[in-house]
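Student: Before I ask anything, here is the structure I am working with.
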């Protein structure tokens, strides 16, 4: 059976830490969507490992790891990330697999990603993309002109010529759209001729791989990327990523049926953050937001950008819970709220004086909502040294209980600091 870890807000909730803890007792860790446009750090024996595209299960020497079909892969970044991990003493090549059906991100995807963003910026409609080429790659995938891993690694004598033909079609279509931009496609092709040999040992039929693991009753953990509010269908479109970041993306990205899913863990930051552009109803453009940013060290692992900060938004979380069906929650960074005398929580939206029954799909409406807040008392004490849930201050437990009751989902873990052991488990 499969357990799944998903982000419930706009990303950066701290999924990696929970995955790291759960990885101690699993046989397979799989990534199902996204690319190297997100990241997190795991500390093992004092060494920091930065993960962007590769599964976090690589830190467990007994765990097999899969980059699934729904992931888009920039091969140079794949090997760079692998090299950085190996240089710190983590030998994992024999435990890392790549789906033959995953699509490839090329350098020209990244160039056109930045050109597109520059165009949008001129019209003040910037998305806030990471510039990693993720959107353009999913675009070519959807238009059925993309290039998949099997196109690159196929050992048939005719395969390399077919790969070059597909590649040049993509380059030419970008040149028609953006003109002759500074890009050496011949040099990139030469690199990929070498990569095809280097990548081939990692490549598997991921459907066969996953279903063999399921049949053998292996313990499988699926590591979600980004978060529900960045989902291409259910997020704050168009300020979203280009893949399905919810539970649906797990099934389509790995080729597994719903009946194989056992637990769905929703990771929730104790307040709300967002990187880049897009609506953010509970954002605090004041000293509250600055405090959350400073105390929470809210800077992106991948981009280094400051994260926008605000109060916890239970309207967002209720919507996220409806779609993903969380079986339990991990509340992270509760300690960041330690110094607040009072803590506010968004519990409803009003538009033109009327309370909305559901999360608005239209950004004009979302930008004009009035947030209804519930004010809860803070605990005003350091909780970072606490090792048992029962020892948390009463007001901290009341804050968590309010979240549980509002969402109808039990909280199973509470993060009280950055260290791996700063995670309290609560009986459910």
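From the backbone N, Cα and C atoms, a Cβ is placed for every residue, glycine too.
Annotations for this protein, taken from Swiss-Prot, read as follows:
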ACT_SITE  12  active site, proton acceptor
ACT_SITE  40  active site, proton donor
BINDING   11-17, 39-41, 307, 333-335, 415-417  GTP binding site
BINDING   12, 39  Mg(2+) binding site
BINDING   12, 13, 14, 15, 37, 38, 39, 40, 130, 144, 226, 241, 305  IMP binding site
BINDING   301, 302, 303, 304, 305, 306, 307  substrate binding site
Student: Would you kindly give the Cα-Cα distance separating residue 12 (active site, proton acceptor) and residue 307 (substrate binding site), rounded to the nearest Å?
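Tutor: Roughly 9 Å, rounded to the nearest whole number.
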Student: Other Cβ atoms within 10 Å is the metric here; tell me which of the binding-site residues 305, 306, 307 scores highest.
Tutor: 307
Student: Just to verify: the residue among 17, 40 with the fewest other Cβ atoms within 10 Å, which of the recorded positions is it?
Tutor: 40
Student: Within 10 Å of residue 39 (Mg(2+) binding site), Cα to Cα, which of the binding-site residues 17, 226, 305 are there?
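Tutor: For residue 39 (Mg(2+) binding site), the binding-site residues whose Cα atoms are within 10 Å come to 226.
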Student: Taking 10 A as the limit, how many CB atoms besides its own sit near the CB of residue 304 (substrate binding site)?
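Tutor: I count 7 other Cβ atoms within 10 Å of it.
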Student: Using DSSP, would you call residue 40 (active site, proton donor) helix, strand or coil?
Tutor: strand
Student: Would you kindly give the Cα-Cα distance separating residue 305 (IMP binding site) and residue 12 (active site, proton acceptor), rounded to the nearest Å?
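Tutor: Each residue's Cα considered, residue 12 (active site, proton acceptor) and residue 305 (IMP binding site) end up 12 Å apart.
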Student: Determine, to the nearest whole angstrom, how far the Cα atom of residue 416 (GTP binding site) is from the Cα atom of residue 40 (active site, proton donor).
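Tutor: For residue 416 (GTP binding site) versus residue 40 (active site, proton donor), the Cα atoms are 17 Å apart.
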Student: Check the Cα distances from residue 226 (IMP binding site) to each of the binding-site residues 11, 41, 306 and keep only the ones within 10 Å.
Tutor: 11
Student: How long is the line from the C-alpha of residue 304 (substrate binding site) to the C-alpha of residue 334 (GTP binding site), rounded to the nearest angstrom?
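Tutor: The separation of the Cα atoms works out to 22 Å.
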Student: Which one is it: of the binding-site residues 37, 41, 226, 416, which Cβ has the fewest other Cβ atoms within 10 Å in this structure?
Tutor: 41
Student: Measure the Cβ-based neighbour count of residue 14 (GTP binding site), defined as the other Cβ atoms within 10 Å of its Cβ.
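Tutor: Taking every protein chain into account, the count is 20.
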Student: Whole-number answer please: how many Å between the C-alpha atoms of the residue listed as 'active site, proton donor' and residue 305 (IMP binding site)?
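Tutor: Residue 305 (IMP binding site) has its Cα 14 Å from the Cα of the residue listed as 'active site, proton donor'.
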Student: Cα-Cα separation of residue 306 (substrate binding site) and residue 17 (GTP binding site), in Å?
Tutor: 20
Student: Counting only other Cβ atoms and using a 10 Å cut-off, which of the binding-site residues 11, 39 scores lowest?
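Tutor: With the binding-site residues 11, 39, fewest surrounding Cβ atoms within 10 Å: 39.
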